[in-house]
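Student: These came from Swiss-Prot, pasted as-is:
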DNA_BIND  29-52  DNA-binding region
DNA_BIND  80-102  DNA-binding region
COILED    705-780  coiled coil
COMPBIAS  129-152  compositional bias 'Basic and acidic residues'
COMPBIAS  241-256  compositional bias 'Basic and acidic residues'
COMPBIAS  507-517  compositional bias 'Low complexity'
COMPBIAS  525-536  compositional bias 'Basic and acidic residues'
DOMAIN    1-56  domain 'HTH myb-type 1'
DOMAIN    57-106  domain 'HTH myb-type 2'
REGION    111-189  region 'Disordered'
REGION    224-307  region 'Disordered'
REGION    389-410  region 'Disordered'
REGION    490-536  region 'Disordered'
């Protein structure tokens, strides 16, 4: 029964194929397939090319690769074998990625238009993956590009036999055939050297013989040129051909050719082979396993991309120099702070801190660009779904120009975003391009080359002296500077008589208080001092607040400040009125300043005047002193007893607060009427809202399709108007081009006619000259023959 070869690849078959390729190379696929009982040579080659080759990239696709794939698919449709090496993937990977991009675009468009149908369950529409997934009973048409199937625990008999045979054949590197081939190569080389030596000796003896070693139907590649195409007789310019041949000759390396002809498996030493054969212990197996693991690591390292170490130039400023610069800057800041209070010293010290340049610090953002990948996918789907050209109509609108990858070359078009380099373009500053250079050769708005912060113009010409200056120019410049300084000093006003009073200098025995002030304070001490100062300020601010806030007593959550202030102003007693107003003002300020989580405050109170802490303490002391007096305490007790007796004299507490019953009944009825009206209005609002929701759903059901259609038509109208505008621009451009070409055609024709007439004239003159010379030659030949015949 014949065996049908093919099917899913297993891990064992992949490992055997790798080992066979490492031994037999990439050209002897028949030998490689002889180790795999279930695979043909074509399938072995496809498996290596599509999956096992270390050069295959199996990582996720990047955006640049997707853009390049769609661009090449637009240039070379369905030519996946040509596109694959350009993209750096296999043809199967390119095709699968291309189909996946189209499927994702289609699914995204369906989701946007709401055509997905009910979600979930069997009612959902099948996706592209569901359509391409194999069903039970179907065979994978391309198993070479799929991952290997895990090995089973119990192998079949044919699999065990295949594995044992592959192990035996791959381990046999010292077989009879290998020895015979090596011996034949050595004999062939010695025979060739003997023939060359014999020919050299005969040539030295004066006998030249021709070495003919080829058989019938063969070619001697040392003497003949294979595939030679002799050039036609005549005179031709062969400069370009000679240069091309010279480049090809330089590129040819005979050593690589010899290495390609050799087999990859090198013969090992006989001593090592005998040692492995005689070693029956477990150490040989352990060493072989370790060696195999090491070789596997080497292969994996070769398969992975080699990353070179990042080589950076040496820093221009060392760490010590950077520390010196920082110390100099700190010293300058300290001196500026010390001299900041004195007007006289402040004018003599400039600000040498860092200055931010005109160029932006952050990298400029990239300009908004269109999604080239999405536009190319839309173009492909539009070209695929378009109707036949026989039906007529307008062409399919496509994304062209800057919104697509274009047709400029094999690589997609992209806009290069380059970060501006202020060192490469020093004249392109914020004050304008092409400005007039400053005096001294320095660019517009640029800082001097060596002193970027020169406020007193001490090194104004230093940048110009670095380039193109001579000693004479330097002397003239110094002389001009000295004269300018003298003229400025001469223009100063004359000194006035002024009396100065100088303070006495401190004695040497005095304590160095200045040095103590100048010395820096420890950071921990400074932080502790600032924290204590903040705590003292917080305690003082807390003592300035009311006792209600300090003790955390309950406060009103809902407060109407205007009503509270109005009730306080209605108090007739002037003293109690002042107290009531002040209390109302304190309550309002506490409610506004320290709001409760769910509190509600209406109105706005005037801001409290901030009193001095000494006045507050004096007032509190006066209150305590007044309360401490016994007479005041007795009066308070007597007033409390009177108030208690008057309050509890009635039968029911608070009965005096109730008014007339008729008035209360009228107010109750009015309140009930308002509640009923409110409930009726609320019920009407709910019914109206429910009826409106029903009408909205009904209208959406009936007119939803029309709305979508109107939206689509509106979009098409906008696109058609833009296309019409572009067509008008193109028509005007082509009309202008036609007019210019028509005017140029006449001039070109006239010039060509003049050239043809000149060529015809020169040709006639040449023919006439040739005829005259030919007649003279014939006469000379005839005269020579007559003389010769006369002698005979």
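Glycine residues also receive a Cβ, built from the backbone N, Cα and C atoms like all the rest.
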Student: Grab the same-chain neighbours of the compositional bias 'Basic and acidic residues' (129-152) for me: Cβ-Cβ under 8 Å, and only residues 6 or more beyond its ends, written as numbers and ranges.
Tutor: 6-14, 43, 46-47, 50-51, 90, 92-93, 99, 103
Student: Other than its close neighbours in sequence, what residues sit by the DNA-binding region (80-102), given a CB gap under 8 Å and a spacing of at least six beyond its ends?
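Tutor: Distal contacts: 49-50, 56-57, 61, 65-66, 68-70, 72-73, 128, 132, 142, 145, 373, 377, 380-381, 410.
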Student: Is it possible to list how many residues within the DNA-binding region (80-102) are helical, extended or coil according to DSSP?
Tutor: 20 helix, 0 strand, 3 coil
Student: Taking a Cβ cut-off under 8 Å, which residues six or more beyond the ends of the compositional bias 'Basic and acidic residues' (525-536) line up next to it in the same chain?
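Tutor: Contacts with the compositional bias 'Basic and acidic residues' (525-536): none.
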Student: In the compositional bias 'Basic and acidic residues' (525-536), how many residues does DSSP call helix, how many strand, and how many coil?
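Tutor: Helix (H, G, I), strand (E, B), coil: 12 helix, 0 strand, 0 coil.
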Student: Over the coiled coil (705-780), what is the model's average pLDDT?
Tutor: 93
Student: What is the number of residues in the DNA-binding region (29-52) that are helix, strand and coil, as DSSP sees it?
Tutor: 18 helix, 0 strand, 6 coil
Student: With DSSP helix as H/G/I and strand as E/B, how many residues of the compositional bias 'Basic and acidic residues' (241-256) fall in helix, strand and coil?
Tutor: 14 helix, 0 strand, 2 coil
